[in-house]
């Protein structure tokens, strides 16, 4: 399905180095020989392949010619728009399991407490421990996806998640420890799917179209936290709490099986623009049957597939932690994670507020989460489209994108333009919802406000796109870094918010949490002020490294 286009292009290769995966879009690009660059081109743009000693592979922001590009009008990816939508939709379906599993049984917490003969606090602990492992495991798997390929890691993680759902559904009520263990495995299998899926989007989409694809992908990550309680409430009220995990098991199998047969490898260090035969472990069944024939045809043309791609990026599980040392990443991800924790706090306590103030059952509680999911879905999709419009407008103004015209292109201003509206809506709606439940207004009021809370979650799409713009070749590690920070803060709020509500009331609790978020307001302004300078220093550092490596190669060649 998604690989048909790769067959049509035959052996015409339009590849870019992973250190600059968007170079193929440059309008001033000169044709290069598949056997190597011309002398002039090599002097101007030395070819740098990833080195095992250079980890993590931070993204260069300048453009580099490579010996893999054959024409200036070649597309960034051989996948058609329809195939890209297929890839992104299946990536989003896979990624939805992480957020949906976090709180899918929140409406059934009282039922689970009775079934396992334990306290509500201990059942809440299973939500917290899920968030802890949701923060930690993507750091490992995100880097694995950047190294070994998206497809095998995606399939492995879905398989782990599937088995953990079966284990949870069969968990005896006398074994609370086993419930905790299954939640750990669920988090380990499902949490990194967002990081891998975001890397897929970065592989196939350029900066000016990344908003629409990532907006669609983020539907799962933003709708999931609201859709989870809805489904959990329905199943817990009608079929019992075990049906929640049987549903997740069936849903996961429906995504995993088509992915095994049709989901192509997209990692550019392995398949370039999508037209190179992938390694054996990265092949779909159809690609596996074609692989031998394509390799034979390449050899007949005198081309070596191993020389047409750069070396596999060395697996570095610390890449996500090292990315946090970059100032823009540290500031914007910390700032966004505070608001993510603020959002997750209201999601966690909303069930208790509805049960205590309105005495509704699990089914009604689940329905009350639905408007938030609808709002989050609308916001994620529209935010991506709006960001693409802003980006295209700036690109036309300077005559190039942020990589080809880094000094003129105002990347931070373009990407942050919509952020104040998201944050303003999120803060106002969340605090208003908390006060409306405390004052026991009509139940329609918190339900409507929950919709606007969902609208305010669009900041997640904005933050993720900006991070990928900075380090495109490390889409998995970038998202894992964001996931690490936001889930860590989310775990803190989910474990403490009920205690704060019990002491202060829901209204003042969220006034306090909102005030903490507002204290971080200077962070985006610091990035707006100093971000261009930080990116320029990285460019100069990368140019100096390339110059040193080029001189070293020239010395080695002369001695031979």
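Don't overthink the numbers, they just go from 1 along the chain as shown.
Even glycines carry a Cβ here, placed using N, Cα and C.
TrEMBL annotations: computationally assigned, not manually curated.
Database features, via TrEMBL:
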type: REGION; residues: 1-54; note: region 'Disordered'
type: COMPBIAS; residues: 27-44; note: compositional bias 'Polar residues'
type: TRANSMEM; residues: 85-108; note: transmembrane segment
type: DOMAIN; residues: 87-532; note: domain 'Major facilitator superfamily (MFS) profile'
type: TRANSMEM; residues: 123-141; note: transmembrane segment
type: TRANSMEM; residues: 153-179; note: transmembrane segment
type: TRANSMEM; residues: 185-206; note: transmembrane segment
type: TRANSMEM; residues: 213-237; note: transmembrane segment
type: TRANSMEM; residues: 243-263; note: transmembrane segment
type: TRANSMEM; residues: 318-343; note: transmembrane segment
type: TRANSMEM; residues: 363-387; note: transmembrane segment
type: TRANSMEM; residues: 418-437; note: transmembrane segment
type: TRANSMEM; residues: 443-468; note: transmembrane segment
type: TRANSMEM; residues: 480-501; note: transmembrane segment
type: TRANSMEM; residues: 507-528; note: transmembrane segment
type: REGION; residues: 538-560; note: region 'Disordered'
type: COMPBIAS; residues: 549-560; note: compositional bias 'Polar residues'
* At an 8 Å Cβ cut-off, counting only pairs 6 or more apart in sequence, do the transmembrane segment (363-387) and the transmembrane segment (213-237) clear the bar of 3 or more pairs? -> yes
* **Touch test for the transmembrane segment (243-263) and the transmembrane segment (153-179), at least 3 Cβ pairs under 8 Å** => yes
* Beyond the flanks of the transmembrane segment (318-343) by 6 or more, those residues with Cβ under 8 Å of it -> 55-56, 58, 138-139, 142-143, 146, 423, 426-427, 430, 453, 456-457, 459-460, 463, 466-467, 470-471, 474, 477-478, 480-482, 484-486, 488-490, 492-493, 510, 513-514, 516-517, 520, 523-524, 526-527, 530-531, 534-535
* Across the domain 'Major facilitator superfamily (MFS) profile' (87-532), what is the average pLDDT of the model, as a whole number? -> 85
* To do: Mind tallying the compositional bias 'Polar residues' (549-560) by DSSP state, helix then strand then coil?
  => 11 helix, 0 strand, 1 coil
* Cβ-based contact of the transmembrane segment (418-437) with the transmembrane segment (507-528), 3 or more pairs under 8 Å -> yes
* Any residues 6+ beyond the ends of the transmembrane segment (123-141) with a Cβ under 8 Å from its own? -> 98, 101-103, 106, 109, 112-113, 116, 153, 157, 179-180, 183-184, 186-188, 190-192, 194-196, 317-321, 348, 476, 479-481, 483-488, 490-491, 494-495, 498
* Out of 85-108, 213-237, 443-468, which stretch has the largest tally of CB pairs under 8 angstroms to the transmembrane segment (153-179)? -> 85-108
* What else in the chain is close to the transmembrane segment (85-108), if you only count residues 6 or more beyond its ends and a Cβ gap under 8 Å? -> 1-2, 79, 127, 130-131, 134, 154, 158, 161, 186-187, 190-194, 196-198, 200-201, 204, 213, 216-225, 227-229, 231-233, 235-237, 241, 244, 248, 251-252, 255, 258-259, 262-264, 266, 347-348, 351, 362, 365-366
